[in-house]
Amino acid sequence: MVSDSDLVNRLHEFLKISDLTTTTTATVRKQLEQDFGIDLSEKKKFIREQVDLYLQNQQQNDDQEQEQEQDEDVNIDEQDEEVDDDGEEASTKKGSKKENKEVKKKGGGFTKLCSLSPQLQKFTGVPELARTEVVKQLWSYIREHDLQDPANRRNIRCDGPFRELFDVDTIDMFQMNKALAKHIWPLNSDGAPVTTTPKEKKPKKKEREEDSEEPKRKEKRQKGAGSSGSSGILAPIPLSEALVKFLGTGENALARSDVVKRIWDYIKLNNLQDPSDKRRILCDDKLKELFDVDTFIGFSVSKLLAAHFIKAAR
């Protein structure tokens, strides 16, 4: 008898070496059936949920790495703005810290000019600016207008311009950096905004060694998935009118994982996690209207979204 944990472990192994733009849950199920020599027709729902959880965990891991980088950015910008009584010596220390950090970041283009969204252009007064300069301007504005909550300095109380930019009344300083991502776009060598997909992260040494045989394994795996065309796990799916309204971007088709990510971004941006139990989500009016519940457990977001993905007619 094959246990659920055996299925999940093998499912994760298979997804790690699969092209998620072409692999479907049906492909995953057939591969598991082949590996274990059993019929999994009655496990379709279970497999779908495990695929969603895998994608959600992958996204959260990426978010955690991104937040760590952003936390460093905030700390550096705060140090750069503070006045130190030690005078020149302290200033030199700060300067060297800043220089070292920027040398590390040079390859990542953090100091390069970026294109700004219309909302951010209105705030800064310029169409292009380096990300570090945008963060500096935001912090100068926060201090000038005393927008930090005295009871918790990490919380920023949004005034009119900030509310227009972030669409919230208060925002955590670390979430603010994350929220800026949708307002700052890279430029290509000609100075035009880049509309292609973001750069993939460089694999770590261990991953590169383990992946030396991946092309061969991937080719074998994809033979079974080749017929799935644009119906892969990461392929866009038509969205319900309610979900289109909630997202507010006008997009009427998105990958399931992208929608889950945006829901979580919304939850974190609006501080909707229960402080006493971070797994529990306390719905605001928008989420209540979308899911028709007052609260839910975070890992069940995929189940709640299922009704908002419209299956294409065959």
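Including glycine, each Cβ sits where the backbone N, Cα and C put it.
These come from TrEMBL:
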- 1-56: domain 'DEK-C' (DOMAIN)
- 58-108: region 'Disordered' (REGION)
- 62-89: compositional bias 'Acidic residues' (COMPBIAS)
- 109-186: domain 'DM2' (DOMAIN)
- 187-233: region 'Disordered' (REGION)
- 206-217: compositional bias 'Basic and acidic residues' (COMPBIAS)
- 232-311: domain 'DM2' (DOMAIN)
* Structure fact -> The predicted model's mean pLDDT over the domain 'DEK-C' (1-56) is 85
* Can you count helix, strand and coil residues in the domain 'DM2' (109-186) using DSSP? -> 39 helix, 21 strand, 18 coil
* Summary of DSSP states over the domain 'DM2' (232-311), given as helix, strand and coil counts -> 39 helix, 17 strand, 24 coil
* Asked: Using DSSP, what's the helix, strand and coil tally for the domain 'DEK-C' (1-56)?
  -> 41 helix, 0 strand, 15 coil
